[in-house]
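Undergrad: One structure, pasted below without further comment.
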Amino acid sequence: MSSRTLQWLSLVGIIWLQSINGTNSNFPAYSSQLKNLLSISQVQLNNLAFASDAGKLLGWLSGIAVVYLPLWLVLIIGSSLGLLGYGLQYLFLSNQISLSYGHIFVLTVVAGNSICWINTVCYVVAIRNFPSDHQVAVGLTTSYLGLSAKIYTDTVNAAFSYSPVERAKAYLLLSSILPVIVSVIAAPLAREVEVGRPRNMGVGFIAMFVITMATGVYSVISSLASISGKLSPLGHAIGTGVFLLAPLAIPVAEKIIEIVRKCNVNIEKKVYHFTIEDNIEGAERMEIEVKDKRGEVAGEGAETMEISGVKESGDQGGDVHVIEEIGVKVLLKRLEFWLYFFVYFFGATLGLVFLNNLGQIAESRGYSGTSSLVSLSSSFGFFGRLMPSLVDYYFSRTKRTISRPASIAALMAPTAGAFFLLVSKTNLSLQVSTAIIGVCCGAITSVAVSTTTELFGTKNFSVNHNVVVVNIPIGSFLFGYLAAILYSKEGKGDNGKCMGVECYRNTFIIWGSLCFLGTFLALILYARTRKLYLQNLKVLNVNFA
């Protein structure tokens with residue numbers, strides 16, 4: 001099998017892994033039931049949401065592991081941690097074992113850490129197997145992480161009852177076993193491939209974008225309440241499964257082309273030998289003609305190589321050149337890192353905290369369709385993660401570059417507006433704000449991967465990026481705890497349960513203000529890194545002059 005086919009197969013493997021790796025996004029779908037079953041307060045429930053994100057504090061371990069261990073083993077370790085963390089919680093909810101609240105907290109941390117291991121493998125494979133298009137490959141595959149909640153919700157709706165308790169168990173059961181199953185299937189595919197010299201893979205990426213866009217459109221349409229009711233739950237699940245298998249068409253087509261080319265070469269060889277045996281004189285004339293042709297081809301080949309060299313240089317020029325490769329010790333001393341850290345903190349992390357609390361927010365407003373709301377945020381998050389890779393692909397083909405900090409600033413402004421829109425009492429404002437936060441948060445998460453490589457290099461990416469996302473558990477605790485305290489103050493029931501828009505009104509105002517602060521910090525980061533992107537624009541102009 002050619003290296004080109006193996007490259008596309010590795011991309012398909014990454015897509016499948018990312019599709020089931022967002023297990024933490026399932027939390028809001030069963031958080032209300034979990035709260036009732038365990039008889040815990042809103043603050044304790046927030047601590048469990050924080051615990052899931054706290055697993056990222058140890059995410060740097062997976063970055064070190066990929067340096068010393070084979071990728072398939074890192075993948076199996078990650079999925080096994082999820083099996084342990086979610087599996088024991090499932091047994092607890094099924095009354096098969098007894099666990100304390102502290103045990104559940106620790107298991108949630110372990111389960112959250114499992115996501116980092118699988119993510120790291122996906123990033124490393126995409127960067128190594130697509131050196132000239134790694135930004136596009138990472139962005140495209142990362143978009144499927146936003147589809148996780150949709151996939152799990154469709155599966156639960158199709159295979160389990162509508163009892164809230166049974167659905168809570170179902171989410172935990174699937175979160176424990178599905179990543180293990182997919183990891184075993186994808187392990188032979190998601191591996192490093194000997195790429196050789198860079199090649200033009202534009203047609204394959206265009207086809208992959210078409211498939212991905214179609215998947216996103218189906219996901220959004222099937223998430224809308226007015227449309228989703230017209231199709232059975234099993235139909236939703238089958239449709240999602242078909243779209244997840246669709247990317248296989250790319251490596252299959254590549255393999256067919258490879259076979260056809262080999263057949264053509266064999267036919268040409270047979271015709272050549274038959275002509276020699278049939279007519280010696282004809283063979284002699286053919287030999288003379290072949291020599292002449294070789295001379296012509298050699299001249300054309302030299303010209304072709306020269307043109308190809310310019311094209312390859314241009315493709316590589318599409319990637320932003322970093323100033324230097326930076327390790328963790330130097331990273332922590334850079335002002336750019338801390339600006340970037342807090343930009344992410346007040347942007348994507350704040351959005352993730354909102355999505356973690358979506359179940360409680362919907363319940364407090366009397367909104368009954370929590371699962372559909374989670375599915376809606378997942379679908380728009382999918383498109384949000386996909387957008388940066390589309391932009392990257394366009395700019396790489398038009399010989400231009402784009403500032404990542406400027407992109408993040410442009411995404412954070414509407415996110416801040418969405419938080420203030422949530423102050424409105426209508427269900428429409430809740431749905432619109434959820435969609436906006438989902439798409440912008442997803443886009444920032446995707447852009448952040450490329451931002452880390454551009455500002456601090458690719459050599460230490462696996463460790464550097466895990467250091468950056470340490471802000472997620474910190475923000476999850478601080479912002480979530482703030483929301484829980486304000487919620488409890490508004491609670492009027494015996495158990496502190498709060499109903500009404502007022503439960504989260506002050507929280508949304510504070511979150512929106514902090515998001516605007518993050519937008520301002522993103523503009524400062526843009527100003528400090530603007531020279532870097534201008535230098536790369538000059539490099540692009542020189543390469544394509």
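Cβ coordinates are placed from backbone N, Cα and C, and glycine is handled just like the others.
Annotations for this protein, taken from TrEMBL, read as follows:
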type: DOMAIN; residues: 7-252; note: domain 'Nodulin-like'
type: DOMAIN; residues: 321-533; note: domain 'NFD4 C-terminal'
type: SIGNAL; residues: 1-25; note: signal peptide
type: TRANSMEM; residues: 67-92; note: transmembrane segment
type: TRANSMEM; residues: 104-126; note: transmembrane segment
type: TRANSMEM; residues: 170-190; note: transmembrane segment
type: TRANSMEM; residues: 202-221; note: transmembrane segment
type: TRANSMEM; residues: 233-253; note: transmembrane segment
type: TRANSMEM; residues: 337-355; note: transmembrane segment
type: TRANSMEM; residues: 406-423; note: transmembrane segment
type: TRANSMEM; residues: 435-456; note: transmembrane segment
type: TRANSMEM; residues: 468-488; note: transmembrane segment
type: TRANSMEM; residues: 508-527; note: transmembrane segment
Undergrad: Looking at 170-190, 202-221, 508-527, which one has the highest count of Cβ pairs under 8 angstroms to the transmembrane segment (337-355)?
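TA: Ranking 170-190, 202-221, 508-527 by Cβ pairs under 8 Å to the transmembrane segment (337-355) puts 508-527 first.
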Undergrad: So which residues does the signal peptide (1-25) touch in its own chain, when a touch means Cβ under 8 Å and the partner is 6 or more beyond its ends?
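TA: The answer is 52-53, 75, 82, 86, 111-112, 114-115, 118-119, 121-122, 125-126, 129-130, 137, 140-149, 151-152, 175, 178-179, 182-183, 185-191, 193-196, 199, 201, 204, 208, 244, 247-248, 250-251, 254-255, 258, 355-356, 374, 378.
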Undergrad: Tell me whether the transmembrane segment (170-190) sits in contact with the transmembrane segment (104-126), defined here as at least 3 Cβ pairs under 8 Å among residues 6 or more apart in sequence.
TA: yes
Undergrad: Take the domain 'NFD4 C-terminal' (321-533) and average the pLDDT across it for me.
TA: 84
